Amino acid sequence: MAGSGKLRAMVPPETEPEVAAPAPGRDGRFAPSPTGPLHVGNLRTALLAWLFARSAGARFLMRVEDLDRSRVRPGIEEAQLADLRAVGLDWDGPVVRQSERMGLYEEAIVRLDAEGLLYPCYCTRAEIRAAVSAPHGLSAADRYPGTCRELTAAERAEKEAAGRPPALRVRAEGARIAFEDRLLGHQEGAADDFVVRRNDGAPAYQLAVVVDDADGGIGEVVRGADLADSTPRQILLCGLLGLPAPRYAHAPLVLGPDGQRLAKRHGAVTLEDRAAYGERPDAVLAWMARSLGLAGPGERPGVDDLLARFDPDRIPREPTVWEPCT
């Protein structure tokens, strides 16, 4: 599959990265994966996404990212939605589930493939790690070494005969992308040749997110800062598929006392955990409000109070360390 002129036209000189044009509208979303309970950091991000959307008079949608069926746990989706309601969040329309949208993802893959923008990749994760760690290896901007990019038909046939099912990767060709983040400011990054279909045939996260956001009319994506590195890939995909790129706001994370991203290992970090200590959801909401600069000590505001006070400029730009609400 030869490279496409469409992609080459999108890849500017390295000193002049492609600047993403934001999509119209301000509809927002929250998109949890039903692999475990939401902790206070997840709930804080959901609250922030809700505030961005509602303060703009826009819709707020709920999407369940359940593509990886092997990691989905029974009952978790219902528990997550119940926790979001418990802190006062609501959403518009039915919950969207990625597992019910495979046809949309396949249509996007077929379009990309028809334009020569994809190629099969037979590399294992171990082989990619070895290439990255080799002397004179990849820069951070080029995380995939391009091992399979220019394989001949004979070389592909040999790998398939050896029983290696391929993933499909985008020919990103080192495209550099710039975007203005509502919370992080000016951002630039390079897109490597990332996977859009895994070697088990399932659509990859990057592709599904882009298709879902466009299909849902999402104009502003508010999510954790740990996902900022994915944004250049997603903006590139928007361009290749002829879709508008949303605006982005990447929220600083909630950390545990050890300075690492908050997780179950940090103890009682979910609503259920806190309830065991006698803390109601409104106490957790109050902590989130204080961490976002929207409430003072001792206050117990509801989400409508927070909406009336909401100002993106007041949101701290540094990570927040979780402390119990009591």
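Each Cβ is built from the backbone N, Cα and C atoms, and glycine gets one as well.
A TrEMBL annotation is a machine prediction, not a hand-curated record.
As given in TrEMBL:
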{"type": "BINDING", "residues": "Arg29, Phe30, Ala31, Pro32, Ser33, Glu65, Tyr205, Arg223", "note": "L-glutamate binding site"}
{"type": "BINDING", "residues": "Cys121, Cys123, Tyr144, Cys148", "note": "Zn(2+) binding site"}
{"type": "DOMAIN", "residues": "29-288", "note": "domain 'Glutamyl/glutaminyl-tRNA synthetase class Ib catalytic'"}
{"type": "MOTIF", "residues": "32-42", "note": "motif ''HIGH' region'"}
Assigned element (helix, strand, coil) containing Ser33 (L-glutamate binding site), judged by DSSP:
coil
Alpha-carbon spacing, Phe30 (L-glutamate binding site) to Cys121 (Zn(2+) binding site), which is rounded to whole Å:
32
Surrounding CB atoms that lie within 10 Å of the CB of Cys121 (Zn(2+) binding site), all protein chains:
23
List the other residues in this chain whose Cβ sits within 8 Å of the Cβ centroid of the L-glutamate site residues Arg29, Phe30, Ala31, Pro32, Ser33, Glu65, Tyr205, Arg223, in sequence order.
Arg63, Val64, Val209
For the recorded Zn(2+) site, whose residues are Cys121, Cys123, Tyr144, Cys148, find every other residue on that chain with a C-beta no more than 8 angstroms from the centre of their C-beta atoms, and list them by sequence position.
Tyr122, Ile128, Pro145, Gly146, Thr147, Arg149, Ala167, Arg169, Asp193
Just jot down the residues in the same chain as Ser33 (L-glutamate binding site), at least 6 apart in sequence, with C-beta under 8 A of its C-beta; none if empty.
Val64, Glu65, Asp66, Asp68, Arg71, Val72
May I ask you to report the DSSP-based helix, strand or coil state of Cys148 (Zn(2+) binding site)?
coil
Give me the Cα-Cα distance between Arg29 (L-glutamate binding site) and Tyr144 (Zn(2+) binding site), rounded to a whole Å.
30
Separation of alpha carbons, Tyr205 (L-glutamate binding site) and Tyr144 (Zn(2+) binding site) (Å):
16
Cα-to-Cα gap, Cys123 (Zn(2+) binding site) vs Pro32 (L-glutamate binding site), nearest whole Å:
29
